[in-house]
């Protein structure tokens, strides 16, 4: 029983580390892809629907 708990704890620990590393890698890739021009397009996309809603009064 003790070895089973020990094994499960080890698997949980290794899985947590793996998820953490994957998340850091994903965040780094997103930062590399974000160029100033792309950021401007994203802001415009978010701004356009809100601007239309305010102009139309909905």
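Note that Cβ sites are derived from N, Cα and C of the backbone, with glycine treated the same way.
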> Any idea which of 3-24, 25-46 is down as region 'Disordered' in Swiss-Prot?
Replying inline: 25-46
>> Under 8 Å between C-beta atoms and at least six residues away from its ends: which parts of the chain pack against the signal peptide (1-22)?
In response: none
